[in-house]
Amino acid sequence: MTEDQWGKLRQRLLKTVGQNNYTTWIEPLVFVGINDEVAVFHVPTNFTGNYVGQNFSDLILYEFKAAGLDVKRLLFKVAAKGTEPRASRKAEPVAAAEHAGKRVMRAQPARGDDAMADLYTAPLDPRFSFDTFVVGKPNELAHAAARRVSEGGPVTFNPLVLYGGVGLGKTHLMHAIAREMRERDPNANILYLSAEQFMYRFVQALREKKMLDFKQMFRSVDVLMVDDVQFIAGKDSTQEEFFHTFNALVDQHKQIIISADRAPGEIKDLEERVQSRLQCGLVVDLHPTDYELRLGILQSKVQQYRGTYPGLQIADGILEFLAARITTNVRVLEGALTRLFAFASLVGREIDMELTTDCLADVLRASERKVTVEEIQRKVSEYYTIRLSDMIGPKRLRSYARPRQVAMYLCKQLTSRSLPEIGRRFGGRDHTTVMHGVRRIEELRESDSQMAEDIENLRRQLDE
Ligand SMILES: Nc1ncnc2c1ncn2[C@@H]1O[C@H](COP(=O)(O)OP(=O)(O)OP(=O)(O)O)[C@@H](O)[C@H]1O
């Protein structure tokens, strides 16, 4: 639709709503465009957007229809600059308000959500839900706390702080909470943003002399979610503003959810008073992933990929291999799997060990485990309760030879040492002996469930 068409449409609205309403509410709307059946307008304040949405959306939608345009919803966004009409006294939460004819709203709740996400600066990633979050020992507490908070109800711990290293699922959980809360209460003002965006908005408000709006906006939310809070460390005035916002919301019993890359007390240059406020609620740690969690995540991703790549085969042991080898973080693990699937579908081959090591050579090299031959020998001898010297030494008794072969196998799997090198570390044995040992264990893993379990246990222990 052209501006001209909008001009004509406005004239028709003028006749229906009368001059006064027109001047106050319709004239300030700046038509931006129609995107996917949603007509987008810039409004000077959120209040205007809300008011127009509540009082005139049916009329506007009707006029669009009469003009032959397929518009199902209206979206009002606060323009960066603009004047507030006299009628607007009340400060409103940030950015935008969305309105639709009631029937359309009900018919399309999911799309309504997408538009709502736009309301709060940081859009929610549709992949990050509780359904797609795999729970294991390292993240079960964080997950349980996130679930609990997402259910709403009386605020029992405030704030909830989720912290943990890079790529361990903090943002995923934050988005899942926001999504769940919005589903439970579509009218709640849930503000999710990164600490960086908080700072950016604060600086902008200072620059544009709109601090009052800023304060009112943040203080009027029902739930405040700030991701990567460590970002504000060392930024004094932002910290101060954050501190006041935080206190005001806690006083009103509004839920606050924070994520950080380390425990609040360990964030350097974060003011002590902010640190102590963050520690007042529930602080939960996302631990580094363990082997089982990584395997679980891979299995769940494969399940998701089945839709995109139907018929793609993945050989036994590949996921286990990746879970054992890529221990850095989940993001890298996911990236590896994505690349593997894309590559395999391109060349039209099954994902077997050869394709995996070819395709992921760089990732595997980069995340090469630090485990050493010595560590493996020590762990394996402890596991089978034999002396280290007996495992490395010349004795051929089965009770020594089998653990020795297990250790050789693990050295081959978990280190980058060549067969001759491994042989040398096992009392100067020949590489063919090592090869024989590795093959034997590979066979036994298939045929003997006790052996498979031993290998998994040892892998896990070496992973810790
Ligand atoms: N338990 C899990 N189940 C499923 N996917 C997960 C899990 N943990 C992490 N991921 C995935 O790993 C990727 C990285 O997670 P996310 O972005 O949440 O990490 P983060 O902790 O916020 O990292 P950063 O510190 O870099 O911000 C995402 O794609 C996320 O979906």
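Yeah, the Cβs are placed from backbone N, Cα and C, and that goes for glycine too.
DSSP assigns GLY167 (ATP binding site) to coil, not to a helix or a strand. Within the same chain, the residues at least 6 positions away from GLY167 (ATP binding site) whose Cβ sits under 8 Å from its Cβ are THR328, ASN329, VAL330, ARG331, VAL332, listed in sequence order. Annotated ATP binding site per TrEMBL: GLY167, GLY169, LYS170, THR171, in sequence order.
What TrEMBL lists as domain 'AAA+ ATPase' is 156-289.
Per-residue pLDDT, averaged across the domain 'Chromosomal replication initiator DnaA C-terminal' (372-441), gives 93. Annotation source TrEMBL lists domain 'Chromosomal replication initiator DnaA C-terminal' at 372-441.
Annotated region 'Domain I, interacts with DnaA modulators' per TrEMBL: 1-88, in sequence order. Helix, strand and coil residue tallies for the region 'Domain I, interacts with DnaA modulators' (1-88), in that order: 44 helix, 18 strand, 26 coil [DSSP].
Look at TrEMBL and you will find 345-464 tagged as region 'Domain IV, binds dsDNA'.
Cβ neighbour count within 10 Å across all protein chains ranks GLY169 highest among the binding-site residues GLY169, LYS170, THR171.
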